[in-house]
Amino acid sequence: MGVKEMFNLARVPSILMLGLVYVTYVLIGGVIFWRLEGELGRKDLTQLLLNKQMLLTTYSCLNQEGLEEVAQVVQRASKAGLSLKYNQTTDGFWKFTSSAVFAATVVTTIGYGNMSPTSTVGQIFCVFFALFGIPLNMVVLSRVGKYMLAVERNLSDFLEGKSRRKGCTRFCVHMFCYICGTLLFFIMPMLVFQQHEGWTFSEAIYYCFITLSTIGFGDFVADNNPDKDYPDWYSVLIASWIFFGMAWLALLINHSIDILERLNAYLKKGCCGGKTQEESSSAEDNSPETQVEDDNDIKKPPKTQ
């Protein structure tokens, strides 16, 4: 047995290597967030305790129990979408337009957490609504993404036939689609949110990506401030932006995955540069992943007549 054969037997399966990279990436992100936000969070807690003490000192008639009751009232009002600044009655979160946006966040699995059903019937309906709505949303987004990809490929083929430069033309078409998508689903919504929500540039970009990637922390939510009077078309615009923006971002992520897979194949080809094509294919056939696929593809023997 040669050195190369021993190395092939001792090499780590790709799924274990991929899992190690995944866990390392998550841990590195946790350390960075801990260093960036941990100290700031401790300062915020200290400032909140000082503000609480000043509030109790200023309003001597308010004791600890009274302060907790006031905090509960404010928390419930905020969860219901009511403002305590003005003495007026509002519809809260559960208007028709806001309810439609909530339904969109359910089937898209964004789940901001700023509003949720509180009745038993509403909670049960939400379960079944999501049970059938999430697969439907995935199918529709997949079809829309494939349609966008087909338009992009048709445009590439048309321009390649005119210019006869395949690589350069396809790259330019990809960049043009990325730039148009960035303008349509990030820059323009950012300007709208800055005007109607009063957010900064970084907050608007942050909200756009967190929403379209379905992370949905809920710290920033559009059409959610009870102190603002939003136009009726605002909720419809947000729902349309979420749907088509998710389809475009899914297409962009699929392109990124394709680039990573090609890079992985190139690196494997570089590591196995001394092997012939038959040896590489036989090594791939003997890998644990291929063996699992082969076990799943085993057919039953034909029946004898």
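Residue numbering: from 1, along the chain as shown.
Placed from the backbone N, Cα and C atoms, the Cβ positions cover glycine too.
TrEMBL labels come from automatic prediction, so no person has curated them.
What TrEMBL records for 12-34 (among others) is transmembrane segment.
Residues or ranges marked as domain 'Potassium channel' by TrEMBL: 90-148 (among others).
Residues 79-81, 126, 129-130, 133-134, 136-137, 211, 214-218, 221, 223-224, 232, 234-236, 238-239, 242-243, 246 of the same chain lie 6 or more positions beyond the ends of the transmembrane segment (93-115) yet place their CB under 8 Å from a CB of it. Residues or ranges marked as transmembrane segment by TrEMBL: 93-115 (among others).
Marked as transmembrane segment by TrEMBL: 121-141 (among others).
Taken from TrEMBL, the feature transmembrane segment covers 171-192 (among others). Below 8 angstroms of C-beta separation, residues 152, 155-156, 159, 201, 204-205, 208-209, 212, 237, 241, 244-245, 248-249, 252, 255 of the same chain, each at least six residues beyond the ends of the transmembrane segment (171-192), sit close to that stretch.
Marked as domain 'Potassium channel' by TrEMBL: 179-261 (among others). Break the domain 'Potassium channel' (179-261) down by DSSP state and the numbers are 61 helix, 0 strand, 22 coil.
The transmembrane segment annotation in TrEMBL covers 234-253 (among others).
If you look up TrEMBL, you'll see 274-305 marked as region 'Disordered'.
Per TrEMBL, compositional bias 'Polar residues' is recorded for 279-290.
For the transmembrane segment (234-253), same-chain residues at least 6 beyond its ends with a Cβ under 8 Å from one of its own Cβ atoms are 97-98, 100-101, 104-105, 108, 110, 141-142, 144-145, 148-149, 178, 181, 184-185, 189, 192, 196, 208, 211-214, 222-223.
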